Amino acid sequence: MKFAVIVFPGSNCDVDMYHAIADELGEEVEYVWHDEENLDRFDAILLPGGFSYGDYLRSGAIARFSKVMAAVKQAAEAGKPVLGVCNGFQILLEAGLLPGAMRRNQGLKFICRPVQLVVENNETMFTSAYGKDEVITIPIAHGEGNYYCDEQTLNRLVENRQIVFRYHGENPNGSLADIAGIVNERGNVLGMMPHPERAVDALLGSADGLKLFRSIVNYWRETHVVTA
């Protein structure tokens, strides 16, 4: 399986994402610059965190116009796994690949610490390695993680089981309905504010994020039969 880690000007979590895939999973991964126009050679697309284009205008607002985003949309339409973490989630929202918007944290401060999440839906290609309602520890690092959508969209997210992760015990940023991560209706595009790539080794404080990446690999292996 081959992963693409999309690199925008200002990305700063691309190396962590690469490490999680290459060193922890042992899968093939490649950095892809933001002006790439073809992602056909990749099986999964990863949009890392950071401050793309300096977060000018608002987080993800400029990155959505990068050349690579047309290819990301094509990958999503083809059913490939697309994961956006933190700034990557914000970019997916701005690009219309996920519903809703991101606002400043309720306390108007940048938050950087581990939080607990509950796995709301473990029947997705990103969460199959988790147990239903499993509580996991994943770090956050953001100033604009306050997810918001209108009531109709929220009802649809709930009905379709598109809310994959919720904050558990404490909502650190004021996010609507404690939402920490959502998928699209098809279930192949996940956006989440917490950083699973920073929780892939117990030495880092938690290895709970590794199951997310393993879930992607397991899904791909189950749906791609390799014949000799």
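Quick reminder: no glycine exception, Cβ is built from N, Cα and C everywhere.
Over in Swiss-Prot, the protein carries these features:
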type	residues	note
DOMAIN	3-226	domain 'Glutamine amidotransferase type-1'
ACT_SITE	Cys86	active site, nucleophile
ACT_SITE	His195	active site
ACT_SITE	Glu197	active site
Take every residue in the domain 'Glutamine amidotransferase type-1' (3-226), average their pLDDT values, and give the whole-number result.
96
Where His195 (active site) and Cys86 (active site, nucleophile) are concerned, what is their Cα separation in Å, rounded?
7
Express the distance between the Cα positions of Glu197 (active site) and the residue listed as 'active site, nucleophile' as a whole number of Å.
11
Using a Cβ-Cβ cut-off under 8 angstroms and a sequence gap of six or more, which residues of the chain neighbour the residue listed as 'active site, nucleophile'?
Cys13, Pro48, Gly49, Gly50, Ile140, Ala141, His142, Gly145, Met192, Met193, Pro194, His195
If you count the C-beta atoms lying within 10 Å of each candidate's C-beta, which of the active-site residues His195, Glu197 ends up with the smallest number?
His195
